[in-house]
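Everything below concerns the one structure shown next.
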Amino acid sequence: MKKSGILNKELNTLLASLGHTDTIVIADCGLPIPNEQARIDLSLVKGFPPFLSVLDAVVDELEIEAIVLAEEIKDQNPDLYESIRARMGGVPVQFVPHEQFKAMTKQAKAVIRTGEATPYANIILRSGVSFSSKDF
């Protein structure tokens, strides 16, 4: 049995498959996911698992070089926005209108659906690399 970190088989497989610049989405329970889109549905009941718990688990295991948020999150869900900023540190953030965000999710390798039930609790994570030429 795995000792720590993410236990979900599908989520582990997804994260291990990501290469540089690949994107994934962590979504609330209301974000529309196209039928043809790969998805990992972690939702159990409204509110569980919460968005931030899933984000924390993914951030612990994935090198992230940039994120995308719906610009509406700043006004419609400022507490969540501040929590995301605190977790992401200096990672560059791109803000786009929610409709554009939904269109961008179609390019992601997968959407991870949480039970989160607050507005605009969605994020696109762009995979980075965990080494640089300075390492050699």
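Glycine too: its Cβ is placed from the backbone N, Cα and C atoms.
Noted in Swiss-Prot for the protein shown:
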- His20: active site, proton donor (ACT_SITE)
- Asp28, His98, Tyr120, Ala121, Asn122: substrate binding site (BINDING)
Candidates His20, His98: member of the recorded positions with the richest Cβ shell (10 Å): His98
By Cα-Cα distance, the member of binding-site residues His98, Tyr120, Ala121, Asn122 nearest His20 (active site, proton donor): Asn122
Substrate site, defined by Asp28, His98, Tyr120, Ala121, Asn122: further same-chain residues with Cβ within 8 Å of the Cβ centre: Ala27, Gly30, Leu31, Ala70, Glu72, Ile73, Asn77, Phe101, Thr118, Pro119
Spatial neighbours of Asn122 (substrate binding site) that are distant in sequence (at least 6 apart) but have CB under 8 A: Val25, Ile26, Ala27, Asp28, Leu31, Leu69, Ala70, Phe101, Thr105
Cβ packing number for Tyr120 (substrate binding site), 10 Å threshold: 21
Listed in sequence order, residues with CB under 8 A of Ala121 (substrate binding site) and six or more positions away: Ala27, Asp28, Phe51, Ile73, Asn77, Leu80, Thr114
